[in-house]
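One structure coming up, written as structure tokens, with questions to follow.
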Amino acid sequence: MHTPATISLLVLAATLALAQSSPNAPPAEAQVPNSYLITFKSNVPDSSASLQSLRATIDRENARESTTDGGIQSSIDSASYASIGSTFRAVPATLSTSTLEQIRRHPSVASVVPNLKYQISAPAPAPAAAAPITQQAPVPNWGLARIVSRTLPADLKSSPYAYPSSAGSGVNVYVLDTGIHMAHQDIRGRVDRGVATCSGCKVGTDPQGHGSHVCGIAIGTLHGVAKRARCTSVTALDAQGFGTTADMVKALDWIVKTAKSKPNERAVVNMSIHGYEDRALNAAVDAAVAEGIPVVVAAGNKGQAACYGSPSSARSAIVVGATDSRDWMATWSNYGSCVTLLAPGVDILSIKTGTTAGTATMSGTSMASPMVAGVVALMLSQDPTLTPQQIRDRLWESATDGVLNDTVYGTPNKLVFVGTQ
């Protein structure tokens, strides 16, 4: 499992070399046809020289192939080139079969991996410090009452939610999702427009509703964990809740650069998405964490090992499984040693997109993940000097241990807890 022992943040080359094959390898329909992500070796300078060399290789292959190989014209999407810290550089490309082999042999290239399709991790079918403290009671969201109690309250709705009065101030939760409906009163005035990285997506809207629900859980005045934090809308999934590896990598690149340009604000990333195991996306997540930004991700809703998917198999991600109001692990929650801890994720009430005051109930590890992202925001608001590893350690050490009725296949029996000391 992701233990509190120090986790080495591997460079990209090591990450790719050590990645194990998965029994959940992506089928053809999970890949964007002829679309790939080219990742560069860690010792390749961050300059245009490598791109120019790759483009020259592609031009030669295009001229040689002419109309053979299905008439596919290979190309590089230079505008979507991503560089995260010193360990991760990648660029999307459209490649024919023969050009693919040439690019794989290029001396600057670490790997060429399929551009995979991703989707939101919800909805899922629900089963039949010595710091000033603020209290909220009653709570509209049962999960709030559960994460501040060491035992299961007899009445979750009437139990208070006690939280540090700093309440996440000075922290921005970057919601990599379907967008955020900024006009809802529960989050209005605390959402930044951000960026859209997926084709046809628009900034500042959320026709799907998933990202808005996630943001409300993380920072909502009524429904959220960190009630004074901000959210930034990073739209990498379309109105149907789908995106690609390239969309996610470009989004993470933007998040890291934006967060590092704001020295007086701390950041945490929430990724309530899930897909097949993806070495490139995992490496991008690890690179973001290496830059000092904690990344919280959904374990996934397939009822299988979280290690078989991404970004839940990223070494440095905080991976969150889901529980219900009876302290049972959700039957559909992904499980196993890649899960860091669990949080409420069944029948969670939060904001509804397209309304100013409406609510919606959703279930999924997508709902559990922003619970933990909100807790991370509370931690960073109280102590902005915390590193991602220190945050992981505190989450692990403070979690309520052994109270869940059933955790399977090596899943840690750890329920996230909001400490007030």
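Just so it is clear, glycine is given a Cβ too, placed from its N, Cα and C backbone atoms.
Note: TrEMBL annotation is automatic and uncurated.
Quick paste from TrEMBL:
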type: SIGNAL; residues: 1-19; note: signal peptide
type: DOMAIN; residues: 35-120; note: domain 'Inhibitor I9'
type: DOMAIN; residues: 168-402; note: domain 'Peptidase S8/S53'
type: ACT_SITE; residues: ASP177; note: active site, charge relay system
type: ACT_SITE; residues: HIS210; note: active site, charge relay system
type: ACT_SITE; residues: SER366; note: active site, charge relay system
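Distances, neighbours, how buried they are, the whole picture for these features please.
For the domain 'Inhibitor I9' (35-120), the model's pLDDT averages out at 87.
When Cβ atoms from all protein chains are considered, those within 10 Å of ASP177 (active site, charge relay system) total 30, not counting its own.
Using a 10 Å Cβ-Cβ cutoff, HIS210 (active site, charge relay system) registers 28 neighbours.
SER366 (active site, charge relay system) falls within a helix when secondary structure is assigned with DSSP.
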Tally of helix, strand and coil residues over the domain 'Inhibitor I9' (35-120) according to DSSP?
31 helix, 30 strand, 25 coil
Cα-Cα, whole number of Å: HIS210 (active site, charge relay system) versus SER366 (active site, charge relay system)?
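Distance between the two Cα atoms comes out at 9 Å.
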List the Cα distance (Å, whole number) between ASP177 (active site, charge relay system) and SER366 (active site, charge relay system).
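Here the two Cα atoms are 10 Å apart.
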Within 10 angstroms of the C-beta of SER366 (active site, charge relay system), what count of other C-beta atoms is obtained when all protein chains are considered?
34
